[in-house]
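Reviewing the structure listed below.
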Amino acid sequence: MKLNIGVLAGDGIGPEIVAQAQKAIDAVAAKFNHEVVYTPALVGATAIDQVGDPYPEETHEICMKSDAVLFGAIGDPKFDNDPKAKVRPEQGLLAMRKKLGLYANIRPVTTFPSLLEKSPLRLDIVEGADLVVVRELTGGIYFGDKGRSEDLTKAFDNCVYTKEEIERILKLAFSYAEKRDKRLTVVDKANVLATSRLWREIAQAMEPEYKDIEVDYMFVDNAAMQLIQWPKKFDVMVTENMFGDIISDEASVITGSLGLLPSASVGVHTSVFEPIHGSYPQAAGKDIANPVATILSAAMLLESLDLLEEAKAIREAVNKSLEAGVVTEDISKEKAYKTSEVGDWIAKEIAG
Ligand code: IPM
Ligand code: MN
């Protein structure tokens, strides 16, 4: 099979970690006889610096033509400290999501037994936790009308959802639940928000189509609390854009594996695969960042193209690297490997 992969390495540690994921994909391609064509493109602060636009048209065209996109990270502190900055790297991310129709962000949260002691929670709480957060990504308050009054003393952000948008994401969440433990939690704020009430109404109307799925509804504040008290209670959580932003960050630290967790943004035109962590600018160029989340994102990418054996080969090699202690300094201070060494080890393990 021929795979066309757009490569948007982005900022900070992006280029280093994406390079390791490419090594894993190359190893898989050699083993399973696939041809891979990578097309690099600019995004984020790097794109602002070079062409003045965080998601240039050329990058968009490359994504549209790709079977899937491998994404590193974006963000640069020089923009965070400048509240008046006209263009920000984050705008590139939002533009990409909207233009590619990336309506769902999928974040699986799994435990890695050898790392459980890194969790801020007690072992008995996290051991065996295994959940997926499905976040709506192109609607809600992120994309509603926003602005300021003329005298600048008032600001607003509208939260809007349509039936189609809600049905689409719920359908995807139900299908994840069907493949997993058949439990779905719809997270909302239906006691206060009109959009949440519409979400709940639509989810309830869909329930009869999925009789084997146990559905429950939880207000987001309560869900945030229960998620750290009883993470094992959850299988698939589905929620709107901003709640999902917050809940998925919370979920990602539960298992102590922040540097290891991948994500997929499922789209209408193509899908984008990226680690859940950010651009970690302090580590840029030092060859110390953990590449595993990006390598596992490559596994999700292959899965999305139905290359299940190939994805499994990556996951198994990653598990072996963790068991063998071939890990970066965030995981082991005593014997830390470099980013590139971990990438080489995993690629070699895949090759067999
Ligand atoms: C994320 C990020 C983005 C978001 C920011 C950078 C705009 O936090 O991907 O979760 O809020 O969606
Ligand atoms: Mn976020």
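A Cβ is built for glycine as well, from the same backbone N, Cα and C atoms used for every other residue.
Among the features that TrEMBL reports, domain 'Isopropylmalate dehydrogenase-like' is placed at 4-346. According to TrEMBL, the substrate binding site annotation covers Arg97, Arg107, Arg135, Asp221. Positions annotated as site 'Important for catalysis' by TrEMBL: Tyr142, Lys189. Residues annotated as Mg(2+) binding site in TrEMBL: Asp221, Asp245, Asp249.
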May I ask for the distance between Lys189 (site 'Important for catalysis') and Asp221 (substrate binding site), taken between their Cα atoms and rounded to an integer number of Å? 8
List the residues of the same chain that sit at least 6 positions away from Arg107 (substrate binding site) in sequence and have their Cβ under 8 Å from its Cβ, in sequence order, or write 'none'. Val132, Val133, Arg135, Ser248, Ala251, Ser252, Leu261, Ser263, Ile276
Determine, for the Mg(2+) site, the additional residues of the same chain whose CB lies within 8 Å of the mean position of the CB atoms of Asp221, Asp245, Asp249; present them in sequence order. Val220, Ala224, Met242, Phe243, Gly244, Ile246, Ile247, Ser248, Glu250
Which whole number is the mean pLDDT over the domain 'Isopropylmalate dehydrogenase-like' (4-346)? 96
Using DSSP and collapsing to three states, where does Arg97 (substrate binding site) fall: helix, strand or coil? helix
Residues that sit under 8 angstroms from Arg97 (substrate binding site) by C-beta distance, when 6+ apart in the chain: Leu137, Thr138, Ser265
Nearest by CA distance to Tyr142 (site 'Important for catalysis'): which of the binding-site residues is it, out of Asp221, Asp245, Asp249? Asp245
